[in-house]
Amino acid sequence: TYSGLFCVVVNPYKKLPIYTEKIMERYKGIKRHEVPPHVFAITDTAYRSMLQDREDQSILCTGESGAGKTENTKKVIQYLAYVAASKPKGSGAGELEQQLLQANPILEAFGNAKTVKNDNSSRFGKFIRINFDASGFIAGANIETYLLEKSRAIRQAKDERTFHIFYQLLAGATTQQRAEYILEDPKSYPFLSNAALPVPGIDDAAEFQATIKSMNIMGMNNEDFNSIFRIVSATLLFGSMQFKQERNSDQATLPDNTVAQKIAHLLGLSVTEMTKAFLKPRIKVGRDFVTKAQTKEQVEFSVEAIGKACYERLFRWLVNRINRSLDRTKRQGASFIGILDMAGFEIFELNSFEQLCINYTNEKLQQLFNHTMFILEQEEYQREGIEWKFIDFGLDLQPTIDLIDKPMGIMALLDEECWFPKATDKTFVEKLVSAHSVHPKFMKTDFRGVADFAIIHYAGKVDYSAEKWLMKNMDPLNENVVSLLQSSQDPFVCHIWKDAEIVGMAQQAMTDTQFGARTRKGMFRTVSQLYKEQLTKLMATLRNTNPNFVRCIIPNHEKKAGKIEAPLVLDQLRCNGVLEGIRICRQGFPNRIPFQEFRQRYELLTPNIIPKGFMDGKKACEQMIEALELDHNLYRVGQSKIFFRAGVLAHLEEERDYKITDLIVNFQAFCRGYLARRNYQKRLQQLNAIRIIQRNCAAYLKLRNWQWWRLYIKVKPLLEVTKQEEKLTQKEDELRQIRERLDTQVKRCQEYEQKYQQANAEKTQLAEQLQAELELCAEAEESRARAAARKQELEELLHDLEGRIEEEEERCNALQQEKKRLQLNIQDLEEQLEEEEAARQKLQLERVQCDSKIKKLEEDLALSDDTNQKLVKEKKILEERANDLSQALAEEEEKAKHLSKLKTKQESAIAELEEKLLKDHQMRQETDRAKRKLETELQDVKEQLAERKAQLEELQIVLTKREEELASAISRADEESAARAAAQKAAREAESALADAHEDLDAERAARTKAEKLRRDLNEELEALKSELLDSLDTTAAQQELRTKREQEVAVLKRSLEEEAAAHEASLADQRHKHSQELQQLNEQHDQLKKAKAGHFTLLCVMACVKERRQKNVKFGLSKDDNFEVENSAFPCDPGNSFSSARDYWQHMCRNPESEDRRADVSLICNALEKAKQVLEAENADLATELKSASAARAEGERRRKQAEAQLQEIAAKLQDVERVRSELQEKCVRLQSEAETAAAQLEAAELNASAAHKHAATTGA
């Protein structure tokens, strides 16, 4: 929901479907009050403000840990990538937008962890800066990270986990990866304090694959994956190194170096040198190096420090790698939107140095919010001359911030204590208490508690434990191990350690002299100093932007959906300043608009109020306000703007929308009326034209048959001939004029073409100048930003120096007072010390001279320090400029190389095209020659084809006659073949029925054998049950009744079984009757088939002989007429022929053997008929035997099936009886067993009572 000028978001603790592309499209470019409250609306408002006002924006997601800041940050980036993508929506998101979206999963895997309050807590802060070009498209991005909680890599609190990537790698690595990275069981890693602690709703293996996918999209390759996961595995293995303390010395030892070998293999180190560097490091003392013995605690601390540092440098490399992928130097960014996701305010049972830094950051952010919401708002009222009484909301957090970061504050004292010899955490706490015991925001905790001190933050009181703060602030590392890592055989390890600036073990030990501490003070900056510088730059960036606040609220600490703890939510709203923001929005004027914009936007609400001449903007707005009749309490007129209370501007917007709607409706009505009237006039004109055409047509119909009209039509063309010469000369004149015009137009076109080319050249030149100016402007803007940041740093440095000067002046005044007191004492003692006066004066002079020399040396040292710092900063600036110039030069060289490559590629393509063109021309000539040759051949072929067509038509006539005669014969043969097919089908059906009967018979046999076996088993079981029943049951009357009842039930079952058997017998009789009928039909069909088959086969034989005869005639060159006569005489197909059947034709041929050919035909037919007869007789015999065997087998199968079904039913009945008897016996056994147990319990109780009575009697007798 919206609360004042910012958005309040409550963590729902469940997935909601309100972040889809459809929802994003709904919020795109829509006013905030027209859609429900959403983080998309805040993002869209910031994006539109950036485009309209050309002002950098920032979106600050703040709140406690677990309130949903990281998720809302991801949704903000998702919306910006959708709205400002440089590619069209249909083609998917571009590469840059995809990489921007996939950066978050990588950072979450390596920088987020499970805490008590949040399962996906960000253990680092990040500021994502998304750059946009002048058109509003994303031009690049950059991510800055703050304060990674690297100590979580080696140690976690109860019910918490280390960073997600450790569990993802252990759960999702393949067998090959586990062997390559030397991964072990999670329980074997001491750095995983709670082993593989599961998180509800998170699948580490699936998340590992998602992380790999994101890294692939970011452009990382397999080599990068191997290097990254080697570092992760080595970090875990550092905790598995087990050291022991020697008995008689301070030297620690490593009995088993197996883990050290694994680490050395992963990091590319020598195991001997690494072990020696940990156990016996070389330290520089003066100008010499000595070997220092390390105790077990020192070695373990050194190993843990190296493990943390390895993971921190890996994380830093990942961020730089992501920034390289997101950097688009070719697309110049005009403005940017920054999204801040900082770790939320944390209050744990045990709060350490990391929590102080996080809470300090949240204090600064809350102070920025208060300054923006309350201070700047009321200051603008005063600048605009509005009557306003300044309200103090009591939310000034500056005292807490001063307590932490100002001179003599907590961080300054911590830095100072780090450089003192023999300083400890206890001395730091003592110094802190003595310096700030009276501070209103500082509290000394109870001595019985674990905490050392407490700070009152805006979110409440936080107790801090100062254990190991000095070490955490200095973050010392073993220089020997670092040098080994810098010279590792693995290039990746060398790369991440190449620029290591460390506090060594010599610094950790520190010398006992004050001068030694001072000489090292300028060599290294502590963690708190680095973080303060980072935070200062971040706050300067945020102050230069227009902030948009998203307040994230945690509803409960149980992580349950739908549950809101009202006191917890109200406390967060109060601490975040939400309630005060609502108050100032109600009392103040949160909406404001300049005079000119107000007049331009809302003048249509007050027509004819402002005269057309010039009028001052303020007066014009006042007249408009009077015309709108607004209550004076709802607005205030300032010097350059009009201020409105909440909701007034939204009401004016609604009125404006209504007015625009009315104007548009009236305009639409006018347009529609105009179009309708024009259409009406067009229709009238069409109607008049139709009537004129009708009249002309009627007149023409009357006129066309008139003789004079016909004569006129014939004479009119002759009259036009005389005018042809005149028209020709006229057309020649017109043609000459047109040519003259064309020449002039061509000249003009040439002039315009020259002017156009000149304009294009000027345009190109101006574009280059504009690009150069834009680049100069961008450089100037960057230099301005750097100067502003430098100015801010110098101002803060100046404030620090002023504070120190004040402290030195106070100290100097105290010394002056002490000096005066001593001088008075000296005057009192002068009379007693007259003899030592000369010596004292001499010593006094020497003291003054020494003091002056010391002061001079201190001033010279300070000046040299200042000059050194200035030179170092100038060196860094020059190096940055040199890097920028080298990058720009490299880009220009790449562009030139790319253009030269394109040029050579285009030239080669042109040469190839020219060669192709020449080849195509040659091929075309050859094709033309071949075409002409083929055309001549085609003409010859056409002539030959015509001759063949004539011959073919003659043959076709003869062929049609023969086909008609053959068709009549084939039709008769088809009828006979159909009858034969029907008979064959019936035979196949009989065979399939026989096969089914065989299958049924086999199934019945198997079922019978199975039933027989089951019957035997059941009989045996029944006999056993009967014997048991006889043994266990008593011959009582109740049991006899039960037996008779069972016998009655058996009789009833037998009767039902007999009835079912009778019904089954009847159904079998019906099936037999049907089967006999089917067999009779099959026999009849078989007889018919034999008759048809004999005639058909004879006819086919005759046809085959005729066909063979025709082929012989053709072979021996008979004429067509002779062939026709032979066929007519040989084939008995004429209906009027005297041969009524093939048999008559055969007899006729036998009686008239007129030639050798005819006799050969007769012999062929005889042989064919004999073979056909033999085949038919064999088939007949086979079919008869098969039919008999099928009927017999079917009868036998039916008989056996009946017997098997009867036996099966009988066995089933017996089985049911046996099952019922068994269940009854089981129930009785259970009942008897329970009665026996009850009796045994009663017997035991009786025995106990008897023994107790016996004891009681014995005691009374005694």
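Using N, Cα and C of the backbone, Cβ positions are placed for all residues, glycine too.
Marked as ATP binding site by TrEMBL: GLY63, GLU64, SER65, GLY66, ALA67, GLY68, LYS69, THR70. TrEMBL lists 721-1092, 1166-1249 with the feature coiled coil. Residues annotated as domain 'Myosin motor' in TrEMBL: 1-657. Among the features that TrEMBL reports, region 'Actin-binding' is placed at 535-557.
Cβ atoms within 8 Å of the centroid of the Cβ atoms of GLY63, GLU64, SER65, GLY66, ALA67, GLY68, LYS69, THR70 (the ATP site) belong to the same-chain residues ASN11, ASN118, GLY344, CYS552, ILE554, site residues excluded. Distant neighbours of the region 'Actin-binding' (535-557): 3, 5-11, 13, 39, 42, 45-46, 49, 53, 55-69, 72, 117, 127, 144, 146, 338, 340, 344, 360-361, 364, 368-369, 372, 563-565, 568-569, 572-573, 576, 578, 785, 788-789, 792-793, 796; these residues of the same chain sit at least 6 beyond its ends, with a Cβ under 8 Å from one of its Cβ atoms.
The binding-site residues under consideration are SER65, THR70. Their Cβ neighbour counts within 10 Å are lowest for SER65. Of all the Cβ atoms in the protein chains shown, 27 others lie within 10 Å of the Cβ of LYS69 (ATP binding site). Neighbour count (other Cβ atoms within 10 Å of the Cβ, all protein chains): 24 for GLY63 (ATP binding site). Within 10 Å of the C-beta of ALA67 (ATP binding site) we count 24 further C-beta atoms, all protein chains included.
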